[in-house]
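Read through the structure below, which is laid out as structure tokens, and then see the notes.
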Amino acid sequence: MSASNECRYKYEECKDTADWLLSRIPQRPTVAIICGSGLGGLADLLENRHIFPYQDIPNFPKSTVQGHAGQLVFGELRGKQCVCMQGRFHFYEGYNITTVTYPVRVFFLLGVEILIVTNAAGGLNPEFSVGDIMMIKDHINMPGFAGQNPLCGPNDERVRFPCMSDAYDKDLAHLAQEAAEEQGCTSYIRHGVYCMLTGPTFETIAECRVLQMLGADAVGMSTVPEVVVARHCGLRVFGLSLITNKVVTDYDSKERANHEEVLETTRMRTEDLQRLVSHLVGKL
Ligand SMILES: *[C@@H]1O[C@H](CO)[C@@H](O)[C@H](O)[C@H]1NC(C)=O
């Protein structure tokens, strides 16, 4: 087969990875959780854990960012079989978009039906505060605008043009809202549109203003490719953005976006976010 007719992801590779994992775990996870920057603590909540560092998993890429442990954690959360990605793969690390989304295809082959994505994001919506948790209702795939869509190239013709208007599952969002109400944490829950830029630079003032005009409420450097592939596989998706900083939109402001602030806010809110996710999982 010539290279031009080959999918950029190889079913056989994903299958090998999935089979390798399935032969080593007693569980069959139905929920996958991708832990964003500093949010890997979610995986520590699982019971009866089986842990696989990425470097030990056949065909799996390796994580390079600080604050990312880089391992798959299988276990039970509120009685549900889950797999957590502690550390994700970012395009800005130099991985291509196919590699970034590789784990999602593996999750599908493991039997996962629901994908929960979390990330740390900059708040664009002026009404958002640092520490807010935004339920993602939609996304803007900015790298996709620039041709970096993980589904580009030869692909399964049965799902050549997947729908994205229903990317974020309404029933899951509804359950999550219920969970937030039961927990009494709705005061810092927001709903909005997540926009992905590749990074690794934070946004300029002019860029933030453009994104606000486009209707984005939060901006970050991840999540969207994984969601696109999850939908391609037929997974139901729920996403949360922790608003770790407010973007600068004023030329007179002395504030500067920095990774330390992001990690600091994450530490402050990480347990609340974990509680919300585990409560949601318990309701699935
Ligand atoms: C993406 O990166 C992987 C790992 O480096 C490589 O095997 C693959 O050929 C690349 N895919 C594309 C489409 O460039």
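Note that Cβ sites are derived from N, Cα and C of the backbone, with glycine treated the same way.
Annotation comment: TrEMBL describes 30-281 as domain 'Nucleoside phosphorylase'. What TrEMBL lists as phosphate binding site is Ser37, His68, Arg88, Phe89, His90, Ala120, Ser222. Annotation comment: TrEMBL describes Glu203, Asn245 as purine D-ribonucleoside binding site.
When the alpha carbons of Ala120 (phosphate binding site) and Glu203 (purine D-ribonucleoside binding site) are compared, the span between them is 14 angstrom. The separation of Ser37 (phosphate binding site) from Asn245 (purine D-ribonucleoside binding site), Cα to Cα, is 13 Å.
You'll find the Cα of Ser222 (phosphate binding site) roughly 14 Å from the Cα of Glu203 (purine D-ribonucleoside binding site). A distance of 18 Å separates the Cα atom of Ser37 (phosphate binding site) from that of Glu203 (purine D-ribonucleoside binding site). Taking the Cα atom of each, His90 (phosphate binding site) and Glu203 (purine D-ribonucleoside binding site) are about 17 angstrom apart. For Arg88 (phosphate binding site), other Cβ atoms within 10 Å of its Cβ number 27.
Of all the binding-site residues given, namely Ser222, Asn245, the one with the smallest number of surrounding CB atoms inside 10 A is Asn245. Over the domain 'Nucleoside phosphorylase' (30-281), the average per-residue pLDDT in this prediction is 91.
Cα separation, Arg88 (phosphate binding site) to Glu203 (purine D-ribonucleoside binding site), rounded: 21 Å.
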